[in-house]
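Q: As listed in Swiss-Prot for this protein:
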- 2-160: domain 'Obg' (DOMAIN)
- 161-338: domain 'OBG-type G' (DOMAIN)
- 167-174, 192-196, 214-217, 284-287, 319-321: GTP binding site (BINDING)
- 174, 194: Mg(2+) binding site (BINDING)
- 358-436: domain 'OCT' (DOMAIN)
């Protein structure tokens, strides 16, 4: 059995835009050729694409860094640099993508072929053709390409199944799955036999089919991470119907009704919406001597403690060993699926329509701090973007950047903080003197 990996943390880096070019037209019969430098090409995006052939996030265990190519530099004759190809990263169906820093859900990838840009490439820098004006017809200025977006992502795989089998360890879920489907889970008589979700397809006598997931056995405290914890509870989220399997033989000395309450408590603690899914109680191991009496007591306790206005869940006595009651159970499950809508895992408001790539309009344009060596340090997304796109090899570009800082109010803010003529100011690794 291959290792099942259902979470992964990765780094993605989109390509930088290509640098714009400073060039001038120099031809024999064109005395005033003017600027001729083209724009840089767009950097490549990092794009997730759903591949139905993948079953786990195993590919991300050893490959955690994904970097798209940068765009080409602008060329003479006003020609643009070539844009970079997007980097395609294939993920399995059922992958939820979160921003690792904020925890915000970026997308939920469930359809085969579905695409989502997780990091957008930077635009190409402008060549000097773009900066020509009547006052400056031959500008010696260009822009560097915009840096591509870089972010850390958390991937979570939640299996795609219509029906989920839940219950304490060793209640017979794996055996049940193997009997009703062609799945061949590893089975043993010890706790946490199932350490990965097993999937199988069921076909009823009437010809209806649905996917069933045998989810690892739960114990009390799983919703708080005890035992195998929430790493398996997440797989229940996509199911529409829950088959709650209970060992009616009480062969391990536990009370079937207490088991029923404990599992439901874990489902409710993990996510309140799990309890909105319809449940069918599967009374398993009815071929054992004490099962019939235990089922009678179970029904009495259930009726006595259930809300009088609520509908009691259906109970189906079965035996996975003798196949007693299986056909009736599967027909009822298919019927319940037909009238149960899909449950959205996330509200549309919780998800980004597209990953956010610009600087935050509500964030300050710049921030000022002071280092231990008395150097003033400027930071901020907008300021750093302007800095990164400035070509400091060109005097005109440096002067333009200085005007931009002044227009943003950086000079006034430094004076207000007490900056004096000659003080060092740092942006990233670049230092310059403050001139009052």
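Each residue, glycine too, has its Cβ placed from N, Cα and C.
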Q: Using a 10 Å cut-off, grab the number of neighbouring Cβ atoms around the Cβ of residue 319 (GTP binding site), all chains included.
A: 22
Q: Residue 174 (Mg(2+) binding site) has how many other Cβ neighbours within 10 Å of its own Cβ?
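A: Excluding its own Cβ, the number within 10 Å is 25.
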Q: Check the domain 'OBG-type G' (161-338) for me and report the mean pLDDT.
A: 82
Q: Using DSSP, break the domain 'OCT' (358-436) down into helix, strand and coil residues and give each count.
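A: Helix, strand and coil residues of the domain 'OCT' (358-436) number 29 helix, 17 strand, 33 coil.
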Q: Let me make sure I understand the structure: which of the binding-site residues listed (173, 285) has the fewest other Cβ atoms within 10 A of its Cβ?
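A: It is 285 that, of the binding-site residues 173, 285, has the fewest other Cβ atoms within 10 Å.
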Q: Around residue 170 (GTP binding site), how many other CB atoms lie within 10 A of its CB?
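A: Taking every protein chain into account, the count is 20.
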Q: Taking only the Cα atoms, work out how far residue 174 (Mg(2+) binding site) lies from residue 167 (GTP binding site), in Å, as a whole number.
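A: Cα of residue 174 (Mg(2+) binding site) to Cα of residue 167 (GTP binding site) measures 11 Å after rounding.
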